[in-house]
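So the structure is just underneath, and the comments pick up after that.
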Protein chains: 4
Amino acid sequence: MSTNSFGRLFTVTTWGESHGPALGATVDGCPPNIPLDASMLQKWLDKRKPGQNKYTTQRQEADEVEILSGVFEGKTTGTPIQLMIRNTDQRSKDYGDIMDKFRPGHADITYWQKYGIRDYRGGGRSSARETAARVAAGGVAREVLKALVPDLKITGYMVQMGADKIDREAIDLAQIEQNPFWTPDAAAADRWAEYLNGLRKSGNSVGAVIEVIASGAPAGLGAPVYAKIDTDIATAMMSINAVKGVEIGAGFGAAELTGEDNADEIFMGDDGLRYSSNHAGGILGGISTGQDLVCRFAVKPTSSILKTRKTVTKLGEETEIITKGRHDPCVGIRAVPVGEAMMACVILDHVLLHRGQVGKNQGKIG
Amino acid sequence: MSTNSFGRLFTVTTWGESHGPALGATVDGCPPNIPLDASMLQKWLDKRKPGQNKYTTQRQEADEVEILSGVFEGKTTGTPIQLMIRNTDQRSKDYGDIMDKFRPGHADITYWQKYGIRDYRGGGRSSARETAARVAAGGVAREVLKALVPDLKITGYMVQMGADKIDREAIDLAQIEQNPFWTPDAAAADRWAEYLNGLRKSGNSVGAVIEVIASGAPAGLGAPVYAKIDTDIATAMMSINAVKGVEIGAGFGAAELTGEDNADEIFMGDDGLRYSSNHAGGILGGISTGQDLVCRFAVKPTSSILKTRKTVTKLGEETEIITKGRHDPCVGIRAVPVGEAMMACVILDHVLLHRGQVGKNQGKIG
Amino acid sequence: MSTNSFGRLFTVTTWGESHGPALGATVDGCPPNIPLDASMLQKWLDKRKPGQNKYTTQRQEADEVEILSGVFEGKTTGTPIQLMIRNTDQRSKDYGDIMDKFRPGHADITYWQKYGIRDYRGGGRSSARETAARVAAGGVAREVLKALVPDLKITGYMVQMGADKIDREAIDLAQIEQNPFWTPDAAAADRWAEYLNGLRKSGNSVGAVIEVIASGAPAGLGAPVYAKIDTDIATAMMSINAVKGVEIGAGFGAAELTGEDNADEIFMGDDGLRYSSNHAGGILGGISTGQDLVCRFAVKPTSSILKTRKTVTKLGEETEIITKGRHDPCVGIRAVPVGEAMMACVILDHVLLHRGQVGKNQGKIG
Amino acid sequence: MSTNSFGRLFTVTTWGESHGPALGATVDGCPPNIPLDASMLQKWLDKRKPGQNKYTTQRQEADEVEILSGVFEGKTTGTPIQLMIRNTDQRSKDYGDIMDKFRPGHADITYWQKYGIRDYRGGGRSSARETAARVAAGGVAREVLKALVPDLKITGYMVQMGADKIDREAIDLAQIEQNPFWTPDAAAADRWAEYLNGLRKSGNSVGAVIEVIASGAPAGLGAPVYAKIDTDIATAMMSINAVKGVEIGAGFGAAELTGEDNADEIFMGDDGLRYSSNHAGGILGGISTGQDLVCRFAVKPTSSILKTRKTVTKLGEETEIITKGRHDPCVGIRAVPVGEAMMACVILDHVLLHRGQVGKNQGKIG
């Protein structure tokens with residue numbers, strides 16, 4: 001039982017700190033004979049990588065992933081896959097002046113209280129750099145899913161920055177790759193660019209909401225009652241740095257509905273069941289229905305900002321702090337590929353678990 | 001690895017169906033020499049028990065818990081505690097006419113697809129009756145916490161029914177036990193009573209939002225990065241029937257804040273650290289700060305309603321369904337003690353895990 | 001992570017003490033739609049049950065198993081199966097005089113040191129009664145294996161009592177059911193009967209060695225490197241009360257062989273591979289070869305005996321002890337069905353794990 | 001749940017193949033603030049390292065371990081410790097001629113059947129090179145144990161090569177470091193040197209038995225009933241390559257004893273309990289007594305030998321095979337430090353688990 005592991009049969013254990021020599025993921029439970037090489041993972045890392053535009057941290061990391069084990073002659077062997085990413089731009093000196101002060105909203109104070117060790121060079125283990133390992137592992141999951149669930153498509157995008165939400169009528173998935181915010185609403189992208197530019201210049205930051213959808217997932221995934229697929233999605237997303245909320249389908253909005261309105265009515269479609277709506281987010285009783293799996297998660301604003309905030313030192317003296325360094329004005333942007341990666345891991349894990357425990361779906365309709 | 005288990009060192013495995021002979025929880029990892037008898041658990045079960053007022057299902061269940069193992073001469077022995085609750089009011093005939101139809105929004109269709117077995121008598125394993133086992137196990141956790149964290153206080157209450165939220169200025173925790181909705185806002189209780197009465201008569205249902213707070217939890221709980229205490233709270237709450245969203249502290253509201261506004265500034269108080277606010281919900285980097293742990297979860301409306309909804313049969317024929325039987329018009333009400341129980345289990349689990357992995361807190365401030 | 005759980009996908013959690021109200025097993029991960037009723041489990045419990053002849057404890061336990069969950073209309077549902085066995089013959093007064101003394105070779109002293117609670121009425125949780133729960137769970141595993149691996153046959157028998165081994169040339173499996181020692185060597189059974197009768201009358205006990213063979217297990221079971229099937233068999237057998245050693249195939253004898261002699265040469269037989277011998281016990285690199293899986297385990301003599309032994313009291317006074325009560329002169333006898341049950345659980349667990357992680361065997365020969 | 005993980009709170013996940021770029025161990029659950037650097041691990045790796053004398057494989061591996069994470073300024077941080085060892089002497093061409101033949105007694109046939117991938121360059125994941133990762137992880141465990149259980153001393157040594165056992169009367173632990181077999185019996189070392197030299201020249205190999213003792217382990221370690229410390233030791237040792245049997249204390253010898261003779265009588269010594277003997281190997285009911293923990297395991301002869309053996313090809317053709325390459329004539333020799341490392345991991349894991357679940361020992365005697 002590693003507290004740095006995620007997943008039941010497809011198990012990802014991440015390791016590494018923001019300013020250590022390397023970080024990575026030990027991926028176990030990957031089925032054999034799946035084509036895999038580093039370039040297949042690199043494309044996802046490149047998407048998450050910092051320094052790509054002015055809206056993300058200017059830290060320059062190549063984020064090059066090496067596969068150290070578990071692959072032979074271009075195919076997975078069924079044994080653990082070790083993915084390593086060397087840290088290359090650890091400019092620790094940036095952090096010298098905050099060595100003994102705690103940043104409000106940052107994990108440095110709780111890590112200190114718990115462990116009595118403070119890696120003042122950056123977030124240490126609590127840094128968002130850890131999510132690079134998740135994205136690499138998610139890349140492995142995607143390659144396996146290509147073989148096992150060829151129709152599966154996972155799409156993440158930003159639906160809200162600060163208080164400004166996208167217009168759901170204006171969603172055009174083709175837009176996602178066209179703007180630095182991975183948002184399907186081009187008008188929102190324009191507004192956010194201006195807003196974030198202002199925030200960045202003033203040394204402030206802001207939160208965001210990300211939505212991740214998986215279409216093509218089969219019915220039957222999810223193991224009641226503590227391995228429900230919605231529970232596992234919530235676990236996955238909430239474990240990402242800075243995430244403060246997760247919802248499935250109608251989510252908190254479901255609390256406002258009556259049972260009559262919330263019911264997704266069921267019909268026979270041309271190729272199977274058809275539902276009138278998807279308030280359930282594709283999950284009933286913790287098991288997938290075959291509809292789109294839909295989740296959203298809220299990312300708080302980056303806590304490392306150039307604004308003066310009151311805090312204390314290790315010695316218990318009251319003081320003020322400004323956090324210099326290279327930080328994301330909206331860390332939610334880079335959370336998009338992370339959310340996608342986690343969704344891929346959860347779905348693959350449940351595909352394998354379902355196959356192990358149940359074999360294949362047992363009940364037919366019609 | 002049981003998919004019906006929850007917790008790392010304090011491990012709860014629930015079992016049982018709504019209309020089988022019994023249900024219960026196997027509780028492992030309970031420290032020895034903790035005073036325990038059935039009455040200590042019964043009081044929590046009585047709080048959750050159906051049929052106590054017109055706003056919950058009229059099913060009559062004594063919900064009497066028996067302790068079958070793990071206790072000797074009134075104290076825990078350190079071995080597994082088996083908690084059993086006999087089902088006594090299984091009026092299966094109520095369900096006869098829905099035997100071959102699927103209820104929109106209900107797990108019967110996904111259980112059928114996955115398992116090919118449909119316990120048409122009720123929700124089977126997906127029924128909210130499973131939460132009785134959680135409440136019993138949570139009762140064990142509370143007794144252990146009394147010994148290990150005497151200052152801990154866990155309080156759950158309803159903060160929203162349908163679209164109607166409580167007035168946060170009007171919160172009076174003493175009110176919680178004074179109304180059938182476990183809400184700290186007396187005026188809201190009056191409004192909800194009227195609203196729910198109308199819904200109930202019309203055979204409809206509605207969702208709700210529950211808040212659970214734990215005060216007195218020590219700093220240092222939570223094991224990065226996949227056993228963060230906020231992650232485990234999210235897992236716990238999302239695994240409860242009908243829950244569609246979970247948030248910590250400012251939650252989805254944090255997405256709307258700037259870093260400057262979201263920062264909980266830190267000061268030295270009379271007896272330790274003091275924070276200007278608690279947007280973090282008592283958790284930074286997945287580790288507790290010592291502030292109140294705050295979470296909220298959204299419960300969807302009960303899917304079994306007297307309203308006519310369109311659906312299909314096992315044979316794939318389109319049809320309509322009205323679900324007779326005895327259901328909760330707002331299942332969120334009874335989710336309050338369940339949320340409290342899950343919070344108790346999560347906190348105890350992390351107290352034990354922290355003690356095992358870290359020993360005791362390592363870093364002092366001041 | 002329950003320390004009272006065994007298995008990865010087919011997970012058995014046992015609970016209960018020798019003199020509590022009941023004991024049992026929570027079985028999770030059982031595939032759905034497997035025919036199951038209590039009588040299918042009872043036959044195995046009847047085999048293990050005490051008091052059947054003069055060579056086992058005279059405690060009278062009906063050992064009647066009830067299925068409390070996980071079965072609907074005679075078939076498994078895929079949800080947890082709760083198996084409960086009420087204790088009926090708890091003659092606690094027998095134990096009164098050893099209340100404050102520790103029995104040499106018995107767990108009462110270590111349980112006291114660890115937990116500070118001593119269930120002096122019997123072994124409490126350390127009692128061999130716990131194995132009744134294993135046998136019941138093993139019965140579930142056997143029913144599933146009937147469906148998934150129809151050719152599998154598991155056979156356990158005693159191969160040594162005290163220093164007296166069976167004659168391997170004289171093995172006749174048909175003899176196993178013909179004598180109270182479950183041994184395939186009729187002559188050994190006669191010798192042992194006389195020997196054990198003498199021991200029993202003198203209030204002494206003796207150890208034994210049990211062999212369990214599984215034929216018909218497919219090649220490919222076992223997950224390197226910490227879930228090897230031989231490792232899991234060793235774990236399973238060593239976890240049984242009083243077991244002090246486990247070996248696979250040639251076992252300790254393999255240490256004496258040269259590589260040339262130990263090699264099981266490989267040939268093409270009429271229906272697949274054929275091996276010249278089975279020193280490997282059907283397992284290479286932790287993965288099954290398709291040959292018979294062969295293990296043996298050593299059971300120490302019962303520690304509760306009528307012979308006077310020196311010991312201490314809780315107060316630290318040196319004293320002597322004679323353990324009255326109803327004990328097995330050779331607890332190894334009743335370990336035979338327990339070993340079979342554990343083998344069934346291990347094999348099923350690996351069948352499910354293999355299906356989950358690998359799908360089906362990937363490499364063909366010939 | 002990684003099948004390449006070992007341990008509950010101190011969790012070691014090994015990864016890597018014999019001829020890949022690197023192998024290593026991800027170590028999670030290490031307490032913070034323990035002094036640690038690579039040199040502390042290197043000394044144990046140097047002990048296991050091949051090519052040190054003519055009795056072990058002539059493969060030249062530096063086996064230099066790098067710490068990639070989890071340590072800051074010379075101390076553990078409480079986060080995962082990544083240990084990496086680069087493979088440097090992968091002379092794959094040695095294996096070319098056995099590319100399509102299976103070695104009798106070797107895992108290549110079962111890996112092929114299961115995974116359909118055969119890393120013909122060496123044993124791949126099944127190679128004994130994997131044990132380097134265990135030794136490195138064991139080194140971490142030893143450093144933690146130094147802090148938590150300062151009196152603990154773990155000693156492994158060879159007690160049998162082929163059929164030739166050491167003379168227990170002649171044991172002199174000081175001899176262990178004086179001969180290439182890590183045996184405490186100098187005369188046996190001389191005999192084995194001659195014997196093994198002959199075997200090596202003839203291209204044959206032989207098995208061995210290793211004993212590992214831990215003195216100074218506290219009473220109370222072990223969590224009944226499936227995390228007994230003897231069970232976990234058996235699991236640990238049986239998971240090592242080529243191990244075919246494990247026993248605790250008197251082990252298989254206990255089967256030959258009567259209850260009267262097997263009882264370890266208990267007395268009050270000058271500084272606590274004193275036992276007349278240690279047939280139990282320091283463990284009663286799965287919990288440590290405070291006596292020496294004693295286990296032995298049997299290692300089969302290396303299967304890769306220069307002797308001609310009959311086998312089949314992937315195509316199913318019968319043929320013969322001679323395995324050239326660089327192999328250990330008695331792989332048991334290098335199993336000594338591996339057994340010690342596993343013992344260290346098991347004990348530390350139980351020290352942490354005990355601390356988590358129980359706090360500290362609860363019952364006093366005297």
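Every residue, even glycine, has its Cβ placed from backbone N, Cα and C.
Because TrEMBL annotations are produced automatically, they should be read as predictions rather than curated entries.
What you are looking at is a predicted structure, and each value in this text was computed from that prediction instead of being measured.
Record features (TrEMBL):
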- D:R48, D:K54: NADP(+) binding site (BINDING)
- D:R125, D:S126, D:S127, D:N241, D:A242, D:G285, D:K300, D:P301, D:T302, D:S303, D:S304, D:R326: FMN binding site (BINDING)
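A map of TrEMBL features onto the structure.
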residue: D:R48; record: NADP(+) binding site; Cβ neighbours (10 Å): 24
residue: D:K54; record: NADP(+) binding site; Cβ neighbours (10 Å): 13
residue: D:R125; record: FMN binding site; Cβ neighbours (10 Å): 30
residue: D:S127; record: FMN binding site; Cβ neighbours (10 Å): 20
residue: D:A242; record: FMN binding site; Cβ neighbours (10 Å): 24
residue: D:K300; record: FMN binding site; Cβ neighbours (10 Å): 31
residue: D:T302; record: FMN binding site; Cβ neighbours (10 Å): 26
residue: D:S304; record: FMN binding site; Cβ neighbours (10 Å): 26
Task = Give the distance between the Cα atoms of D:K300 (FMN binding site) and D:K54 (NADP(+) binding site), rounded to the nearest whole Å.
result = 19
Note = Residues among the binding-site residues D:K54, D:A242, D:K300, D:S304 lying close to chain A by Cβ (under 8 Å) are none
Note = Hits for chain C proximity (Cβ under 8 Å) within binding-site residues D:K54, D:S127, D:K300 read D:K300
Ask   = Taking just the CA atoms, what is the gap between D:A242 (FMN binding site) and D:R48 (NADP(+) binding site) in Å?
value = 16
Query = What's the CA to CA span in angstrom from D:S304 (FMN binding site) over to D:K54 (NADP(+) binding site)?
reply = 16
Request  = Specify the nearest of the binding-site residues D:R125, D:S127, D:T302 to D:R48 (NADP(+) binding site), where nearness means the distance between Cα atoms.
outcome  = D:S127
Message = Please report the Cα separation of D:T302 (FMN binding site) and D:K54 (NADP(+) binding site) in Å, rounded to an integer.
response = 15
Request  = Round to a whole number and give the Cα-to-Cα distance in Å for the pair D:S127 (FMN binding site) and D:K54 (NADP(+) binding site).
outcome  = 20
